[in-house]
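Q: Before I ask anything, here is the structure I am working with.
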Amino acid sequence: MGSLCSRNKHYSQADDEENTQTAEIERRIEQETKAEKHIQKLLLLGAGDSGKSTIFKQIKLLFQTGFDEEELKNYIPVIHANVYQTTKILHDGSKELAQNELEASKYLLSAENKEIGEKLSEIGGRLDYPHLTKDLVQDIEALWKDPAIQETLLRGNELQVPDCAHYFMENLERFSDVHYIPTKEDVLFARIRTTGVVEIQFSPVGENKKSGEVYRLFDVGGQRNERRKWIHLFEGVTAVIFCAAISEYDQTLFEDERKNRMMETKELFEWVLKQPCFEKTSFMLFLNKFDIFEQKVPKVPLNACEWFKDYQSVSTGKQEIEHAYEFVKKKFEESYFQCTAPDRVDRVFKIYRTTALDQKLVKKTFKLVDETLRRRNLFEAGLL
C-alpha cells in the first residue's frame, strides 16, 4: 500500500515536471511565433551569376558586423580556386579558338607558355587545388600576359570567363603572400556557387533602433537544378528581390551553353511572377551589373539577344547607354504586367538599377526597399 502511494507520488512529481516542461516549451514557441510575426521574409532570387550572392554579402557587411578574421580566412581557398578556374577557362578557350577560327594564329600560345598553360589547366581541373605559391603566380602571370590569352579574353562572353578575371589577375602577388588575409573587396569578388539555402537577419536602419523593420533574407541556388529547393520558402514571403544581370545579354548559361542568359532570366522572372503563392507578394527587381552593362553596350549591340531584337540605337556615349537601359527596363515592365493577373495589380512592383559591388549604391537601394515595404505595411494596416 505504502509502496503504491510512493509510486503514485513519484508519478505525480514526474507528471508535474513534464507539465512544467511542456508549458515552458509552449510559452517559448508562442514567444518565438510572436517574434517571427515581426520579421519580414525577403526571398533573393535570380539565375546563376546574376550577382545575388554578392548582394547577400553586401548586406552582411552593411547591416551586420561584417566578416570576422576566421570567416575571411575561409575565403582563401575559394579565391585561390577562382584564380585556377579562371586560368583554365582562358587556356582551354585559346586552344579551342586556335582550332576553330580562321585567324587561328592569334590564339596560339608562345612556345614557352604552352607547357605552362597545360600544367595550369591540369591544376584548374582538379577537385582540390594547391595553395597559391610565388612560383605558381609567376606561371599564371606569364600565361596571362601572353598575347593569345589577351585575344581570348576579348571573346570572354563566349567562354564563361568570369567578370572578376581582371581583379584576380591584378592581385595575384597579394593572394600568394603567406600572411594573406582576404579584404572585404576580395570576398565580394570571390565566386562560390550557392547550393541550397543561406539566410541572414538584418535591419537597414540598425538593430538598436526600435522603429527599424527586421528582415530575414534568403539566398537560394540560382542554377536550374537548384530551383526545386525554393518551394518550401515561397509561402508567407513579404517580398521577392529578383536579380537580373543586364550585362549578360550576349552570354550563355554555365549549365547550358545553348541558352542565352538573358532569355533564361526572362523565363525565370515570368515563372516566379505566375506562382500562386506570390499573388500578394511585393516584387523588387534589381537590374544588376549596370557597371558592366555600360561598358558593353558601346561594343556589343543590345539586339544580340533575341528578346531585344527590336532595339534600335539612337545615339552614342552616355545617352545611348541610358537609352539601352530604359529599353531593358521597359521589357521587364512589360513582362511583369503580362504575367500579373488583373486581381493582383495592387501588389508592389519596383525596379532599381544596381551594381552589386558598389556598397554605397546597395545601401541606398536597400534603404529605398525598406521605405517601400514599410509604406506598404502601413497601407495594409489602414494607416495610410
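Placement of Cβ uses the backbone N, Cα and C atoms for every residue, glycine included.
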Q: Among 175-184, 215-224, 335-344, 365-374, indicate the range for which Swiss-Prot gives the feature region 'G3 motif'.
A: 215-224
Q: Would you please pick out, from the binding-site residues ASP49, ASP163, ASP291, the one with the fewest other Cβ atoms within 10 Å of its Cβ?
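A: Across ASP49, ASP163, ASP291, these binding-site residues, the one with fewest Cβ atoms within 10 Å is ASP291.
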Q: Taking the Cβ of SER53 (GTP binding site) as the centre, how many other Cβ atoms fall within a 10 Å radius?
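A: Here the count is 25.
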Q: Take the region 'G4 motif' (284-291) and find every residue of the same chain, 6 or more past its ends, with a Cβ under 8 Å from one of its Cβ atoms.
A: 46, 50-52, 55, 163, 239-248, 269, 325, 328-329, 332, 336, 349-358, 365, 369, 372
Q: Taking a Cβ cut-off under 8 Å, which residues six or more beyond the ends of the region 'G5 motif' (354-359) line up next to it in the same chain?
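A: Cβ under 8 Å, 6 or more out: 51-52, 54-55, 58, 61-62, 188-189, 243, 286-291, 365.
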